[in-house]
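Enquirer: Below are the features listed in Swiss-Prot for this protein:
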BINDING   96, 514  Cu cation 1 binding site
DOMAIN    48-160  domain 'Plastocyanin-like 1'
DOMAIN    216-373  domain 'Plastocyanin-like 2'
CARBOHYD  65  N-linked glycosylation site
CARBOHYD  271  N-linked glycosylation site
CARBOHYD  296  N-linked glycosylation site
CARBOHYD  464  N-linked glycosylation site
């Protein structure tokens, strides 16, 4: 039945969270003008709620279909997806599908002000995209730090039978290969994340009031479950990094706080006028032990299967996280969804936005083995736990062998750590040997009069959150009419583009950078300055082996190096084969909100034609 515009708009603004998952109002017709028939449909309701996952107290969260974390989406490669979002929040939102390239659907990337208009309170938005690549990805809010309020969930795209796998490099037994394929089809996802008792809005309020960069969390949660641990002073001092001890010994503080955090001193924050008297005690100092929260997450595996597949996903707001499993090495077979030449390791480091897929051989005695997770940054001693249970048994094994302590310190000699920068894609996938275009970035805090929480990738200015509110998103515009700047860059279709990120010292923090719209190759990295205009010029001056154009890592999230008393740099190379307006940014949520992002207009010479459904109607057909 036809409906007029008034009925259409009224329907969008009054959708009930109790509607069945397959419901489409009669006046909201999914547009099939740019995707094939028989799509796989998902419907999510975003609602405000309260949660107490660690036992330290309830706080405001965003629930996805009534749960924290959101449900897992399971697809097959080649599926056409319709992902309907109904916004019951009191604020704008948008949903990004992290790692999905959106090569034929840049209007479904989920970046307000860049690829779409925000989803207003009470409105609905229909994302349409094709599952062109297989592996594990995740969806999350991409508006004003809502990711830190729990709006995320996993995406598993099953691989096609024609995809070559590297499983023969893990085991020489052909019988194991089919067991591994079956384990991968049944992969269990673990969303490992830092957790704050403050909502993201409260975090930003604390930053502005005290004029600090917020660097202290409360706990680590796994699939929305965890606990806040308050360690004795003796243990805190034992676990404090020697460099941190040395630096604090030259200050009035002398030691880390009861929450395990480095105090927000000017030495670490920078030369800003701090207002530390406005800080709530719970922000950096007061530790509230978890009581009565949800139990730590348990992964159940079955010993008869001989192998289990797990994927660790870090949707967290701040910290890269180390992971070990007692008594079990891990065979890493995919990173950011893409197969690699496997590495057998004891420990992986999962940066914000990354996904690590591992096989675990189920050859131990039946029991419950501890999965240990720890913050990798120097600024806080923080750990968390989950469990790997054989056949649902909850008894501890007779001979547990932990590999790291609560703070991430190694408990064994010669622990095998995953080598991110020697990750080789499988099958081999080399980049172009020479780039057509280079963009350089200087990551630093903005100096006064800007706040201590404001960042830049241009070295001059930050990408303000008000970009989300522009009347016409950049994808909707003629790119020739968009003014370019250090924050607005362009490429032509099918160019090979180098992105060189230099992080300013003297304490060059590691940043997890994410490029929307493409995976990229990590062709080089180093500690020190990068004064050269291009990689080709740098090759003439840097040691042989600094750059890799044969088999470099191929990812969508990239960790810059740390530098002590120095700068650090990272060189990425990607193929600009997906025209559209794409965000390139740090995945630490306070850094992104503080300005650490740029917009790249890829393929301006073959700009995509925007479907009317997205230009005017949030992905739906126009009412008649």
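Cβ atoms here come from the backbone N, Cα and C positions, even for glycine.
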Enquirer: Under 8 Å between C-beta atoms and at least six apart in sequence, can you list the same-chain neighbours of residue 271 (N-linked glycosylation site), or say none if there are none?
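Expert: Non-local contacts for residue 271 (N-linked glycosylation site): 447, 448.
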Enquirer: Measuring Cα to Cα, how many angstrom lie between residue 464 (N-linked glycosylation site) and residue 296 (N-linked glycosylation site)?
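Expert: If we compare the Cα positions of residue 464 (N-linked glycosylation site) and residue 296 (N-linked glycosylation site), the gap is 37 Å.
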Enquirer: Check the DSSP secondary structure of residue 65 (N-linked glycosylation site), expressed as helix, strand or coil.
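Expert: The residue in question, residue 65 (N-linked glycosylation site), is coil (DSSP, three-state).
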Enquirer: Please list, in sequence order, the residues in the chain of residue 96 (Cu cation 1 binding site) that are at least six apart in sequence and whose C-beta is under 8 Å away from its C-beta.
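Expert: Sequence-distant Cβ neighbours: 109, 110, 111, 139, 140, 141, 142, 516.
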Enquirer: Tally of helix, strand and coil residues over the domain 'Plastocyanin-like 1' (48-160) according to DSSP?
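Expert: Reading the DSSP string over the domain 'Plastocyanin-like 1' (48-160) gives 7 helix, 52 strand, 54 coil.
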Enquirer: Among 65, 296, 464, 514, the recorded positions in question, whose Cβ has the most other Cβ atoms within 10 Å in this structure?
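Expert: Answer by Cβ density within 10 Å: 514.
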Enquirer: In terms of DSSP three-state secondary structure, what is the assignment for residue 296 (N-linked glycosylation site)?
Expert: coil
Enquirer: In whole Å, note down how far the CA of residue 514 (Cu cation 1 binding site) lies from the CA of residue 296 (N-linked glycosylation site).
Expert: 29
Enquirer: In whole Å, how far is residue 65 (N-linked glycosylation site) from residue 514 (Cu cation 1 binding site) when you measure between their Cα atoms?
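Expert: Given the Cα positions, residue 514 (Cu cation 1 binding site) is 27 Å from residue 65 (N-linked glycosylation site).
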Enquirer: According to DSSP, which kind of secondary structure is residue 464 (N-linked glycosylation site) found in, if we only use helix, strand and coil?
Expert: coil
